[in-house]
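Student: Starting off with a structure, shown below.
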Amino acid sequence: MCQSEARRGPELRAAAKWLHFPQLALRRRLGQLSCMSRPALKLRSWPLTILYYLLPFGALRPLSRVGWRPVSRVALYKSVPTRLLSRAWGRLNQVDLPHWLRRPVYSLYIWTFGVNMKEAAVEDLHHYRNLSEFFRRKLKPQARPVCGLHSVISPSDGKILNFGQVKNCEVEQVKGVTYSLESFLGPRTHTEDLPFHPASSCESFRNQLVTREGNELYHCVIYLAPGDYHCFHSPTDWTVSHRRHFPGSLMSVNPGMARWIKELFCHNERVVLTGDWKHGFFSLTAVGATNVGSIRIYFDRDLHTNSPRYSKGSYNDFSFVTHANKEGVPMRKGEHLGEFNLGSTIVLIFEAPKDFNFRLKAGQKIRFGEALGSL
């Protein structure tokens, strides 16, 4: 037995050397990658990463033994140039379609996303010269009656992702996935073009928002699907005093993606409108998304979104309070406020007494003008 093992020794050592050779070669190859610049490293890692996720489970598992790790799905998605793609999509939307092509193109979109054209102010598909006009179509006045009995109404059509009281300065974008309230709104000091730094105390930031004793902070997240009515309206009677624009990514904000990427709404470009209503602080935030780089606020002509260049983590402030107008922009409940180019998300964060009650269920469909809650 010992003699047999002695005879097989050189063979086993040769086989072991042969088996270790690919690992050594791969380690050297991967070692070369580590010496590259970060963009080059990502570029060289992507083909393996894509194969890792596309090939059957475990096909590339041996690579993990030599120190290779795939780029995470989130990192892979974040590296997609969504801002560039959104600007290209915006240009495409503004190209006028031939008269004969309008009906088949719009009919395909209507069929895909379940658009109800009977509610549109103009039902004739030939009326819309391009996709942009079709996305921004107006509704018949009687299509969305505004509820007068409740103090807060839905500002848009969409799906309720989450709602409730803000706790520990964290807001849920979907159930179980939260983001920082201050990262989302930015600091309360209205200084222009400065990178924001989170407050040292969560409680101190909350106290800056809650202006009246006995009140609480509430939030509501509404997701607008591509087939929904794309305009949004004032959810209550309030005065808009300030606008803050956060340039950022334009990742998809559909519920599946919101569960996948933590603080998705803080990464994406957004426009935060803040002011006051009869119970104190009130804010409405329009969050951009893939192919929705254009966020328009009707009374704010200085707002320009999805610019080619921006500084990560920066924001721009604009005050509507001037010497001539010391109050801001008054908005009536149901009044036209702005629009998206496709679908996106509206986030309401506001102060109200403790007996404020939402009349909602998570996941329910809602239409502009329907009640969100009241005292």
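Positions of Cβ are set from backbone N, Cα and C atoms, glycine also.
Automated prediction, rather than curation, is the source of TrEMBL annotations.
According to TrEMBL, the protein carries these features:
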{"type": "ACT_SITE", "residues": "S344", "note": "active site, schiff-base intermediate with substrate"}
{"type": "MOD_RES", "residues": "S344", "note": "pyruvic acid (Ser)"}
{"type": "TOPO_DOM", "residues": "1-45", "note": "topological domain 'Mitochondrial matrix'"}
{"type": "TOPO_DOM", "residues": "65-375", "note": "topological domain 'Mitochondrial intermembrane'"}
Student: Over the topological domain 'Mitochondrial matrix' (1-45), work out the mean pLDDT and round it to an integer.
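Tutor: A mean pLDDT of 47 is what the predicted model shows over the topological domain 'Mitochondrial matrix' (1-45).
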Student: CB neighbours of the residue listed as 'active site, schiff-base intermediate with substrate' within 10 A?
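Tutor: Its Cβ has 31 other Cβ atoms within 10 Å.
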